[in-house]
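Features of the protein shown, as given by TrEMBL:
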type	residues	note
TRANSMEM	20-39	transmembrane segment
DOMAIN	42-75	domain 'Connexin N-terminal'
TRANSMEM	77-97	transmembrane segment
TRANSMEM	128-150	transmembrane segment
DOMAIN	141-208	domain 'Connexin cysteine-rich'
TRANSMEM	185-209	transmembrane segment
């Protein structure tokens, strides 16, 4: 990862955000992205190879694992982080478009021409709508993923023992998940931080509408 480019990107997002947006960005970066990179990825590194079933029937373990883990927590979490951070990039691109348009206008008409965007980063007009829609999209993405996690992993918890009777398993087979308590703790941590991010996005949207 190019940390210099990443730092510049964070500075750009932070520059054009409100106070609530800066808190949201800090929460995503510290409590979601860093936890994902440093710890969570290692916790789920053994989820498939240490999924043990009390049978040697070929294919039974793979079928049971696919049934109980249709999508890996860590990959689903990574997709969530990617989708939830994309709207902030759209705001930066909109500001960059305004700045480029203003520069072209000054180059064509000289310094005495009337400025269309005296402050390109000010949330007015199209940029206001872009920012508001980005907040709604971020909150929507997080809520959708909370529902997906709930549907796939009931109550956001992982049991120590699961029973599987899918073909080609010969009968009801007991399967054991590796480190279920630790994975449950990380899942609940993800759920709590996601809920806080949703609340911050909705509060910021209400603040933006009220301020206007």
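Think of each number as a place in line: the chain as shown, counted from 1.
Every residue gets a Cβ built from N, Cα and C, even glycine.
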- Query: Among 20-39, 128-150, 185-209, which stretch has the highest count of C-beta pairs below 8 Å with the transmembrane segment (77-97)?
  - Reply: 128-150
- Tally of helix, strand and coil residues over the domain 'Connexin N-terminal' (42-75) according to DSSP? 14 helix, 2 strand, 18 coil
- Message: Counting by DSSP secondary structure, give me helix, strand and coil numbers for the domain 'Connexin cysteine-rich' (141-208).
- Response: 44 helix, 8 strand, 16 coil
- Item | Beyond the flanks of the transmembrane segment (20-39) by 6 or more, those residues with Cβ under 8 Å of it | 10, 13-14, 74, 77-78, 81, 84-85, 88, 138, 186, 189-190, 193-194, 196-197, 200-201, 203-204, 207
- Model confidence over the domain 'Connexin N-terminal' (42-75), averaged pLDDT: 80
